[in-house]
Amino acid sequence: MNQNILDKLINVNEKRILKRSFFWNMIASILNGFTSAIFLFFITRFCGLNEAGIFSIASAIAYQCISLGNFGTRGVHASDVKEEFSFCDYFYVRIFSYLLLLMMLLYYAFGSGYSLDKSLVILSYGLFKSIDVIEDLYHGEYHRRMRLDIAAILLTFRYIISIVCFIVIVLFTDDMFIASIISFVLSLLIFIFTNKNVIHYFYNKKYKFSFGNFKKLLYVLIPVVLTTYIKMYINNSPKYAIDACLGNIDQAYFNVLYMPVFVIGLMCDIIFRPYIPLFSNSWNTRDFREFKTLLFRQIFVIIGITVAVILGGYIIGLTLLELIYGVQLHQFMISFMLLLIGGGLNTLYSYLTVVMTVIRSQKKMAFVNIIVFAVCLIIMNPLVRKYEIFGATLISVTLNLIAVILSSIIVLYDYFKYKKMQK
């Protein structure tokens, strides 16, 4: 990367950093949140509903594998302001987790009884999205150093180019496998080009492996990764059930209905992510008043955004989706409303997951997810077999409601416990 560009990227007045972080994190989050929606639009319009259904399950599996590859490190890394672990420690854990990602992706692609064409799409799209896992390691370090703006700018640059590349290739070839492979290679090259010099400004020591720190960090992260992996499985469980019990076209319909759900999580993520280090500092210094203010402010934001999206969805949501994707959806109004409610609950649960990470309640967090996961395995396929797409929406609402209730109990319990200890 050109030195002048590097200087402009890194040497910024402190007063501008938070503003830049908000703005560029918003852009990057929008691109990330709407990537699947954009791809689904072009695939539905130009390749058909059957291909859209294949893409839907490929996308779900890719994000499932990413949840393992990320290994729950971003929240821990960004909130590790005391530098209990070095960037090098996170680096070696990420190598380990990326290898796990590759093994899981191969299993899903070729061990699920899919046709060869479907397996290749799942594999190639998973590889394309796996660059997020590699880059997230570096961006976690920038984030910890209060430079989320740098991470977001670099991420935005890569997203724009890779999204355009994927779309153009799909339009010219009608082949998701070719589009995914070429986009994977391009995305990897962009990541290397944009991050190889920037990281030296934040970490320029030797990458010395410490087995003690590796083991210690794994101990911290395993409850988190169990939580994020199970949470992603819970999020994807309606799609997995549809894949097992129905067909590609039903999968496409459900994924179109599910698209607005991302809006809730996306908008809340834009508002909350820049505050993670501040949130962590308030807890570490036992500034309970500030911690409580940040905690409840975001809860009210989530509730407000959810209500707004539900009202908008009821008034014009299905009509817009029909116009965009060119499919008839009016018969799914009840399912659509339930999905939006489930999306709000899921966003609240995601927020509480971050809170539990900050207050280091990972073990309790894992316990919550194991309970919800057990319920998920019991109800997912029977509900979809009996009620089809409506059954899939019931899965989303039920599981997220249980998760929110249990997580809220844990956060409140630990908050009052530590507050009492300080008196």
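Every residue, even glycine, has its Cβ placed from backbone N, Cα and C.
Whatever TrEMBL says is automated annotation, not expert-curated.
Residues or ranges marked as transmembrane segment in TrEMBL: 21-46 (among others). For the transmembrane segment (21-46), the residues of the chain that approach it from at least six positions outside its boundaries are 52, 55-56, 59, 147-149, 151-153, 155-156, 159-160, 163, 166-167, 170-171, 174, 176, 252, 255-256, 259, 262-263, 265-266, 269-270, 273-274, 324-327, judged by C-beta separation under 8 angstroms.
A Cβ distance under 8 Å defines the sequence-distant neighbours of the transmembrane segment (91-110), meaning residues of its chain 6+ beyond its ends; these are 61-62, 64-66, 68-71, 73, 119-120, 122-123, 126-127, 130, 133-134, 137, 207, 209, 214, 217-218, 221, 225. The feature transmembrane segment is assigned by TrEMBL to 91-110 (among others).
What TrEMBL records for 150-171 (among others) is transmembrane segment.
Among the features that TrEMBL reports, transmembrane segment is placed at 177-195 (among others). Panel annotation: around the transmembrane segment (177-195), residues 1, 117, 120-121, 124-125, 127-128, 130-131, 134-135, 138, 154, 157-158, 161-162, 165-166, 169-170 of the same chain, lying at least six beyond its termini, place a Cβ under 8 Å from a Cβ of the stretch.
Among the features that TrEMBL reports, transmembrane segment is placed at 216-234 (among others).
The transmembrane segment annotation in TrEMBL covers 254-273 (among others).
Residues or ranges marked as transmembrane segment by TrEMBL: 294-320 (among others).
Here TrEMBL flags 332-354 (among others) as transmembrane segment.
Taken from TrEMBL, the feature transmembrane segment applies to 366-384 (among others). Through the fold, the transmembrane segment (366-384) approaches residues 223-224, 226-227, 230-231, 233-234, 237-238, 240-242, 244-246, 391-392, 394-395, 398-399, 402-403, 406-407, 410 of its own chain, all at least 6 residues removed from its boundaries and within a Cβ separation under 8 Å.
The annotation transmembrane segment is assigned in TrEMBL to 390-413 (among others).
Sequence-distant contacts of the transmembrane segment (390-413) (same chain, six or more residues past either end, CB-CB distance under 8 Å): 231, 234-235, 237-239, 241-242, 254, 295, 334-336, 338-339, 341-343, 345-346, 348-349, 352-353, 355-356, 359, 361, 364-365, 368-369, 371-372, 375-376, 379-380, 383-384. Residues 260, 263-264, 267-268, 271-272, 275, 278-279, 282, 329-330, 332-333, 336-337, 340-341, 343-344, 347-348, 351, 355, 411, 415 of the same chain lie 6+ residues outside the transmembrane segment (294-320) yet bring a C-beta within less than 8 angstroms of a C-beta in it.
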